[in-house]
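Asks: Here it is: the structure, laid out below.
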Amino acid sequence: MISGVIKKEVRFMKKEMRLVTRQLPPNPVHFSKFVPLVGHLLETYRWLNESIAAILIGSLVGTIILCTTKWKSSKLLRFNEELFFIYLLPPIIFNAGFQVKKKQFFHNFFPIMLFGVAGVLISTSIVAAGSWWLFPKLGFDGLSIGEHLSIGTIFSSTDTVCTLQVLNQEETPLLYSLVFGEGVVNDATSVVLFNAVQNISADTLNGKTALKIFLDFLYLFSTSTILGIAAGLVTAFILRGLSFGRHSSVREIALMVLVAYLSYMLAELFELSGILTVFFAGVLMSHYSWHNVTESSRITTRYAFATLSYIAETFIFLYVGMDALDYEKWKTSTLSFWTKMGLYGIVMFLIAIGRVALVFPLSIISNYLHKSGGESTKISGHHQMVIWWAGLMRGAVSVALAFKQFTHSGVTWDPNNATMITTTIVIVLFSTVVFGFLTKPLVDHLLPASSSNTNTRNPRDPGSPKEDMTLPLLSFDESASENMSRAKENMSMLMDRPVYTIHSYWRRFDHAYMRPIFGGPSSDDLPMV
């Protein structure tokens, strides 16, 4: 009796299983397997980087807010340029200085400064002159000379994050160093130049004013750098000489963060460039202070500073995606749809022409001055194309400068100002999303993996810097003729390979005089972190 009931139940269950099996696809795709597959594809091919993802998420949030408010507003928060410059920008720039590979950065210091400083001046001139000449032809006029110069600086600030995410630092050290270094120096130079061109009118714009702007720029650049170096050295001396916070990771990390932030605020208080100050403070802290703290503090700082920088960058791009759907700004602008499209096209065209005018001529100059450095120091044609492409994308600094110039606490009721705000947002969105998507295939095409490591330095390369140079140039223990011979040899090497020679001398000076006072690696043979 019981066995018969059990057999009946078993037959019923088999029948139900056959019915369920018929309703399923022959090869069901489980969601738990699909999600990791998507993540693996995104990580492998890097078509969708963090900046694009943050912008898309911000746009989605803005769309939801716009729908819930019945298409009246997408504002969840109001962008404040002071909030950006005081709280969001410092951790981004400080982490860039703290994580930079100093050996590559200073080996390529001259071309980086060419692209980051002289390049900004060239790009600003072209964008400002082009906007002054072409905007009125579209019926968009009413901007002053100072506002056109500000537009030049706004659209000369690059965002190289998308390109850096697809470059391999070990395979292409020269290219990675140039793109990274230009991005940091470019942002600092753009902000310094933006502050220098304020309050310029057609009546005051002449040769004397241009010279004054250039001298002010040099003053801001040099004093800001010195202040950052001083902040880094003071932190290292406190940690090493005064043993502050010894065996306390909280106090050690807090001291580094507070001194870096204090240097940034002091620079802003004295109307200097806080970006340059906090960047060089990060460089000096990573070279000296990082070696004076406990092992747990070393590990924590690497991840803590990078996390703060990542959060700040993501928040900025989230806001850009949300602000793109702010209906009030688009409604305030009085230009027609096609006029706006023409305006966007002109700005992108000027940005591209500005990059052409600076990347390729400055690369020729850099290659000529480093012609004795071997192939490892030569900026090839493919490298120049990647550098040009990396500089086409615009990011957070452009948005902040545009809001600082054309809004008051994030609000504007002037049609021309609203047009420039929306133009900046469109350029940032378009360049980041479109060019960001195309960065990976472009880099793969120009720098295939089989030839990507051809520029690594060969230690037997005759262009390599000589490491047996004597410091100092002269010695009291030798005769005058030997000193003169040594001086001639060193001066010849300095003229032949100035960057490598200066770097070699600095390493010896650093090991002999700086490290005993401020700390650092215990041996000169240790690599710079």
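Backbone N, Cα and C atoms are what each Cβ position is placed from, and that goes for glycine too.
Keep in mind the model is a prediction, meaning the values are calculated, not measured.
Annotations per TrEMBL:
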- 458-469: compositional bias 'Basic and acidic residues' (COMPBIAS)
- 37-443: domain 'Cation/H+ exchanger transmembrane' (DOMAIN)
- 449-470: region 'Disordered' (REGION)
- 52-71: transmembrane segment (TRANSMEM)
- 83-100: transmembrane segment (TRANSMEM)
- 112-135: transmembrane segment (TRANSMEM)
- 217-238: transmembrane segment (TRANSMEM)
- 303-322: transmembrane segment (TRANSMEM)
- 342-365: transmembrane segment (TRANSMEM)
- 386-406: transmembrane segment (TRANSMEM)
- 418-438: transmembrane segment (TRANSMEM)
Asks: Given pairs 6 or more apart, does the transmembrane segment (386-406) have at least three Cβ pairs under 8 Å with the transmembrane segment (303-322)?
Replies: yes
Asks: Would you say the transmembrane segment (303-322) and the transmembrane segment (83-100) are touching, if the rule is that at least three C-beta pairs must lie under 8 angstroms and be 6 or more residues apart?
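Replies: Yes, the transmembrane segment (83-100) and the transmembrane segment (303-322) are in contact.
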Asks: Cβ pairs under 8 Å only, please: of the recorded stretches 52-71, 217-238, 342-365, 418-438, which one is richest in them relative to the transmembrane segment (112-135)?
Replies: 342-365
Asks: Who are the long-range neighbours of the transmembrane segment (52-71) in its own chain, taking Cβ under 8 Å and residues 6 or more past its ends?
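Replies: Sequence-remote neighbours of the transmembrane segment (52-71) are 162, 313-314, 317-327, 429, 432-433, 436-437.
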